[in-house]
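Asks: When I checked TrEMBL for this same protein, it listed these features:
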- 16-184: domain 'FeoB-type G' (DOMAIN)
- 242-265: transmembrane segment (TRANSMEM)
- 293-322: transmembrane segment (TRANSMEM)
- 342-364: transmembrane segment (TRANSMEM)
- 376-402: transmembrane segment (TRANSMEM)
- 414-435: transmembrane segment (TRANSMEM)
- 477-497: transmembrane segment (TRANSMEM)
- 544-563: transmembrane segment (TRANSMEM)
- 569-589: transmembrane segment (TRANSMEM)
- 610-630: transmembrane segment (TRANSMEM)
Amino acid sequence: MSDTVAATLGELKQRAPSVALVGNPNCGKTALFNLLTGARQKVANYAGVTVERKMGQVRLPDGRTVSVIDLPGTYSLRPATLDEQVTLEVIEGRRAGEDVPDLIVAVVDATNLRMNLRLVLELRALGRPMVLALNMADVARDRGLAIDTAALAEELGCPVVETVGVRNDGHAQLLAQLGPSLTAAAGQHVPACINVSEETSLDNVLALQQQVRRILARVQPPVVAGKPRLDAQLDRWVMHPVVGPLLLAVLLFIVFQAVFSWASVPTDLIDSGMKALGAWVSEHMAAGPLRSLIVDGAIAGAGSVLVFLPQILILFAFILVLEDSGYLPRAAFLLDTLMGKVGLSGRAFIPLLSSFACAVPGIMATRTISNWKDRLTTIMIAPMMTCSARLPVYALLIAAFVPDTTMGPFNLRGLTLFALYLAGVLGSVLVAWLFKRLWHKSRYQPLMLELPPYRLPSLRNLGLGLWERARIFVRRVGTIIFALTVVLWFLATYPAAPAGAPGAAIQYSFAGHLGRLLEIVFAPIGFNWQIAIALVPGMAAREVVVGALGTVYALSAADDAVADALAPVIAHSWSLATALSLLAWFVFAPQCISTLATVKRETNSWRYPAAMAIYLFALAYLAAFVTYRVTLALTA
Ligand SMILES: Nc1nc2c(ncn2[C@@H]2O[C@H](COP(=O)(O)OP(=O)(O)OP(=O)(O)O)[C@@H](O)[C@H]2O)c(=O)[nH]1
Ligand SMILES: [Mg+2]
């Protein structure tokens, strides 16, 4: 859901009663939220997926509309991290313009009551209207955990319902309970703002533990220990000090190979479709500015970005499966020592991994890191993880310059892509290590992370996730990328060339002049004026560079020539040194306004995004310079 919708819902909440989903991390709050509201918020099998409060609406069977709030998971009402702080603020009604929620839905993982009940008891102590959702009821049933819901309801003094966050109607009982609970809550006095923070003493904690044990003894008969669970058997290999890292390397390697080898058929299909469309329009429209706008601007520009949809979807399919399987926190443990050596907290692993999809959620996910210096280091290096917006640029240049040959089991193009991802990771390791030296960080913080059970990735989740990614990508192509290529088309078309002037008309346009100016800065790293022009709109978002190059080269082509596919054109007109230099530039350059804006928001200061932009641009220029010069020397 977009922020705008969230804001409008925020206003609507003034009238509608509100229900907040509160619970331990990874117990299925967001899964239930999505079922209730029809939203598509991210659900994944590790702790700390949701880091901001999200709002949606649900219509109850009695016709009332209710605001539902999904919150970051928390282990207690005494927050240790920023995301947990968000949850507390919402419960206390301290967020600007928001009241205390009318009803708390305490969501618990039914397979782990021992851990989850502590927070429930803390919530109950607030004396607020509450419903308990025993989520993961399906898994609990499979494991033979027979929870006495009536006894639990009696103990807690609130209704208890069973839910299954991964089934279409898994929220039915909860939905039926919301109406009566809200009606009962309406009669109860709830202060406009409450304050739940209180000092914890060891006595309090022990008393809480004792209470949990007593309730458990009453509501859940002890399970007879059976054979060791599959999880433990799998972990013997996955977490093995030698086999584990090997497995991780193989896994990552397969991803990069797949991005190239599996995508070729659908990519070629879209590519020929675009070419055919361009040819058809050229044939059926009279020559003129409108035809040029459609063929050179829209089709050669935005259309050339669309070609990369299959590769992006393959990458996301792997990311989604990894996220849902429960493997990620295990990989974090495997790499914890290594990350500690370069000055990163093991907690940084998941935010950094998320940054491979996009740095924006990655940077937001650093809220789960409690130490400020650890968090800042992670934020500063997150943009070096290769986000999916770089994929079109990499794929274009690799297809143009790297032959499609195999070396043993390896595809050379996949290998090159792997090397580019690795370059980003190595760069970030270097920067993290420098931060460590700069700040004299020596204190090692042990990694405390909950290991979720392994789960077979749900096909429904995967399908919805991919659909969502496809929608986001196509919308980006249709909006920002299209708009920027049209602006570029305009700047590259006007003013028109004087009559009888030699060379392509684009050279006489605004963009042509600007390109020549910028070329002075970029010539030492081997960029020609076409690349220099494309980098300007590409500051907003990286994929725009591909569209911009498409438009610039289409306009540079001889008058009536149909825009050819971009890859062969640049293969023909750039040297290998220029191509490699541009790749090196893209590994580091912070060409993404949204990332910088997110850093500003998350650090509450312009200092950090400014420092980030400066150091990353400097690094990009340096890397491109070295790459260009070395390649020139080698190919001379
Ligand atoms: N089998 C089963 N899996 C569930 C159920 N509810 C959620 N899941 C899975 O549990 C994992 C966690 O779900 P989320 O909804 O992301 O959990 P969350 O409580 O929002 O987690 P945080 O945002 O990290 O606090 C995902 O892999 C879900 O697919 C359920 O009722 N049954
Ligand atoms: Mg969540």
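Even glycines carry a Cβ here, placed using N, Cα and C.
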Asks: Six or more residues beyond either end and a Cβ under 8 Å away: which residues meet both conditions relative to the transmembrane segment (242-265)?
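Replies: The answer is 310-311, 314-315, 318, 322, 330-331, 334-335, 391, 395, 398, 410-411, 413-415, 417-418, 421.
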Asks: Are the transmembrane segment (376-402) and the transmembrane segment (610-630) close, by which I mean at least 3 Cβ pairs under 8 Å that are 6+ residues apart in sequence?
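Replies: Yes, since the transmembrane segment (376-402) and the transmembrane segment (610-630) share at least 3 Cβ pairs closer than 8 Å, they count as touching.
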Asks: If you count every Cβ pair below 8 Å, which range out of 342-364, 414-435, 569-589 shares the most with the transmembrane segment (293-322)?
Replies: 342-364
Asks: Between the stretches 342-364, 414-435, 477-497, which one has more Cβ pairs under 8 Å with the transmembrane segment (569-589) than any other?
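Replies: Answer is 414-435, with the largest number of Cβ pairs below 8 Å.
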Asks: So what pLDDT does the domain 'FeoB-type G' (16-184) average out to?
Replies: 94
